[in-house]
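**Q** Please find one structure pasted underneath; my questions will follow.
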Amino acid sequence: MNEFLYGVLPYIALTIFAGGTIMRYTIYERNWTTKSSEFLSKRDLKWANPLFHIGLLMAFGGHCVGILVPKFMTEAAGTDEHMYHLMSLAGGLPAAVLFLGGFLWLCQRRFAGNDRMQVNTSGMDKLLYLVLLLTIVSGTIGTVSNIPGGFDYRETISPWFRSVLMLQPEVGLMENVPLVFQIHMLSWMMTAMLFPFTRLVHCLSFPFEYLFRSHIIYRKK
Amino acid sequence: MKIKAQISMVMNLDKCIGCHTCSITCKNVWTNRPGAEYMYFNNVETKPGIGYPKQWENQEKWKGGWELKGGKLQLRSGNKLERLAKLFYHPDQPEMDDYYEPWTYDYETLITSKRKNHQPIARPRSLITQKPMEIKWGPNWEDDLAAGESARQDHNFKNIAEDITLEFHDLFMKYLPRTCNHCLNPACVAACPSGAIYKREEDGVVLVSQDGCRGWRHCIPACPYKKVYFNWKTNKAEKCIFCFPRLENGLPTICADTCVGRLRYIGVLLYDMDKVKDAASTPDKGEIYHSMLDILQDPHDPEVIKAAKDAGIPDNWLKAAQASPVYKMVKEWQVALPLHAEYRTLPMVWYVPPLSPITRRAEADVYLPDVKDMRIPLSYIAELFAAGNVAVVENVLQRLLDMRMVMRAKETGEELPRRLEYDLETYEAMYRLMGIAKYKDRFNIPAGLQEQAEDKLRELQGSCGYNCPGGC
């Protein structure tokens, strides 16, 4: 079972993630959009949306550090396990509050607010929000339950993830990981598989180039 | 000098009867789809009124268009960094209720209703939620001042010094058909974070690439005319495309073609691209109109012709520019004005301001009144078409009056007005173009890049047909 979950599924997920995204961009760019609902209802968007996105960016940054930077490097930089744990909590807990709080606020707006929001909520969206909820909640519970620091993901999950990226998955690392973290693994893989087929793709088109281009654009037909 | 060609339109408001044929034909051709029901690429407003969407002219509210900040041209909605921060929530973006909620009627019940004491009725039903709804506002709620109070909230009254009470004895109204202005300095293009909106190199039509649009929706508040719309179904921006498939074949836009009053003119203008920014940055907003005239180039001037050829403008486009009805009205006769030039987008749809009946205060036995005695206050027209510069409007209306007086004198043998700005042939030509307004005279549209197209066809000669691109 673990062999499949941590040795095969990540590759299926990442393949769908990358392949699906490329396919959508090349073949179906016409429906590549943020799917903004501001036109239908501005209510609550002013605070809920920025909070959600700030929380998301903080969580994303924290994950990058926690997963991609190996333990020996932070230790070489003079940060011991205790210090590191405190630092990750200092960033992770506020991130979780903003991310989950923003998410719930946005869901309330979407599902219990203006009726018009229905036309902006497809079946795929509902599935996505379910999976996202699972991902955010499992991540939050994992962080909170691990405040005392019993479980060091940087000796299990992080090296496993890097081994996946190196195409030599070390499934054994994941054997004694607590259930909530296992759920978190499963849910991010589901999110990755849904990614190309949902509004999530808009994160890839953050318009940095806008800062550098001229105001008026002329183009030949 | 860098010459570019622009397809441009003039609307002669003197002849607009507010029939909405333009809006309806446009709607039937372009926006009768789910997600676009509420959009009118072309709409006709009764002025005074708050318009569609509500209060679109109030840029303190919407932050549309450009402004001068320390002498430098900048989008009113902020610099690029400020604007990127608004990606998650745009405080100035209109909501559906600022336009109206589109509806249909439950016609089914008329047919399927059981036998009852009272006639069944078709209740209005929202096209968004599909639920029964109460109609509180529509795209044309103010038609012929029907909405009453909202006319007094017209934003243009804000800057007018004289008191306009809209009491019954001095009531006035006029129609204002509006489409995308296909501006030379379009704020929507500048605001698009994805670079999906662009001006077409060859004819200046402003288009939204439906592939490139990411739904960041910054174009919608940025356009001061509120002529970019958000499709709630595709979640992308849409706008008037100036019927480019028709233009490319030498046909006028559908709104212009079907105009009952025959008040729309379409033709080519040549402009100097290098001067666009300076014109948009004219310090005095009342002078922007004159700066706009300055960047429009004379298509008969040999130097301009040479520069245009260097810039790759085809011969048939040059010919069209020389015979352009729009050039005549805008630059030669100076009878057409831009709508709200103070937004600094340099709009390329021009309006001949309307004459109106004399007020009671003026003498009753004059055939043609002084422009100052007209029912529509000059200051109001000036707010719309001359950024408040009353002198500009006065001159234009005087030219229109002079034309009438010259033509009347011709029939009646009366004396000609003492001071005439133009020679008699010019007034005659004005009369022919604006009064007779033959289809052939109103539209002079060069078919798109004909010369290159002919070359393409020649390349295909001898191949086995046109059924696959480039022959088989």
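Heads up, the Cβ atoms here are built off N, Cα and C, so glycines get one too.
Just so you know, TrEMBL annotations are computer predictions that nobody has curated.
Feature list, courtesy of TrEMBL:
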DOMAIN    A:2-221  domain 'NarG-like'
TRANSMEM  A:6-27  transmembrane segment
TRANSMEM  A:47-70  transmembrane segment
BINDING   A:HIS53, A:HIS63, A:HIS184, A:HIS202  heme b binding site
TRANSMEM  A:82-106  transmembrane segment
TRANSMEM  A:127-147  transmembrane segment
TRANSMEM  A:188-212  transmembrane segment
**Q** Using Cβ atoms and a cut-off of under 8 Å, determine which of the binding-site residues A:HIS53, A:HIS63, A:HIS184, A:HIS202 neighbour chain B, and list them by sequence position, or give 'none'.
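**A** So the ones by chain B are A:HIS53, A:HIS202.
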**Q** Give the sequence-ordered list of residues that share a chain with A:HIS184 (heme b binding site), lie 6 or more positions from it, and have CB atoms under 8 Å from its CB.
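**A** The answer is A:THR135, A:SER138, A:GLY139, A:GLY142.
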**Q** For A:HIS53 (heme b binding site), what residues in its own chain, 6 or more apart in sequence, show a Cβ-Cβ distance under 8 Å?
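**A** A:HIS53 (heme b binding site) has long-range Cβ partners A:GLY102.
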**Q** With heme b as the bound species and A:HIS53, A:HIS63, A:HIS184, A:HIS202 as its recorded binding residues, calculate the greatest Cα-Cα distance and give it in Å as a whole number.
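**A** The heme b-binding residues span at most 23 Å between Cα atoms.
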**Q** Where does A:HIS202 (heme b binding site) sit by DSSP, helix, strand or coil?
**A** helix
